[in-house]
């Protein structure tokens, strides 16, 4: 058996297993979840798996109560599980605007499936991860409910420290894997996979054994692991997480629940998958930002951040916190910026009623600071900017950019560095 991973497992699981990035400053933490990235509904992920030989529960998808009833009859199962399809977690404890409690229900009666679906479809489901008003449910998944005699955890993910895919597993599944990594790190197992050679039979067998699959189940589990890895490569995933990866009393190895993350840079060759992206659950401002190749994440503060590069954006949020302020958003311009993008970015930021100041923090490597400056002055004039604006520019054509701003006659506050910019932005809000 392969040696279990100790302290390394904690870091690996903390950093790489389906957890959004965290920005911490002093005692405050902001959780950033970018929903602009591709997200698939549960039924879509399961169909991808099923189409590629991975064992999942039998299921149907319905968008009316009658379809759900007919699907339940067609399943002809001893027990049926009905699941509302939304991207947010916590469905089981959610509440519908119809009054129904719970987005996941078990029943043995197909008629009950129809009755429950009638209270789900077309109604908003509110969970801990949705906005207060919830998210409208458009589809439900009607699946065969299988007994689970044992639950394990399995994930395949890209690990930059290993320069390739890594197989991570634990015989303790069905729970938060980070809790396992923290309390029982010896129960986390890892197999580094050579991306050129692919997964070896010995690696799949060893992981199956470490997960506690014995006898015929060991070969069955190893086969499923290899199929999951092949799917991982085929669809350009950055992570496939199966929790639980379990066995049934009848001796079947089944992927009961799965979450898949995709490499957005592979969209050009994964058009069918990216066409499934349901943007209807996004905040309207996120979809509007995406139209102009802007990455936007709304936060609950009052200082808007207008930055190029995700790392710089996170650092900007951090330093605002350190100086006693709260960021209102995370807006990343990216690389090849045009004046029109700068204008649209300002339009988005000023449309947010929470915003009381705007901090522009640009490091011009690829980005031309002069283009940014021209976009800023145009936006300020045409949008009649009414909130304080603090600008810190550095890099390509910065002197030309500074001249554009200083000669504009607009009330723009310049900053010499990020620390100075954050202090001035926080101070501008404090004066109100």
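Residue numbers in this text run from 1 along the chain shown.
Cβ coordinates are placed from backbone N, Cα and C, and glycine is handled just like the others.
Going by what Swiss-Prot states, the substrate site holds 365, 366, 367, and the candidate of 265, 302, 308 recorded there is 308. When 38, 116, 146 are compared with the GTP site residues 57, 90, 91, 92 in Swiss-Prot, the one appearing in that site is 146. Here the modified residues are 132, 200, 218, 338; the one with the fewest Cβ atoms within 10 Å of its Cβ is 132.
A sphere of 10 angstroms centred on the C-beta of residue 423 (N6-acetyllysine) encloses 18 other C-beta atoms.
Under the DSSP three-state reduction, residue 92 (GTP binding site) is assigned to helix. Comparing Cα positions, residue 92 (GTP binding site) lies closest to 111 out of the modified residues 73, 111, 200, 386, 423. Sequence-distant contacts (6 or more apart, same chain, Cβ under 8 Å) of residue 347 (N6-acetyllysine) comprise 379, 383.
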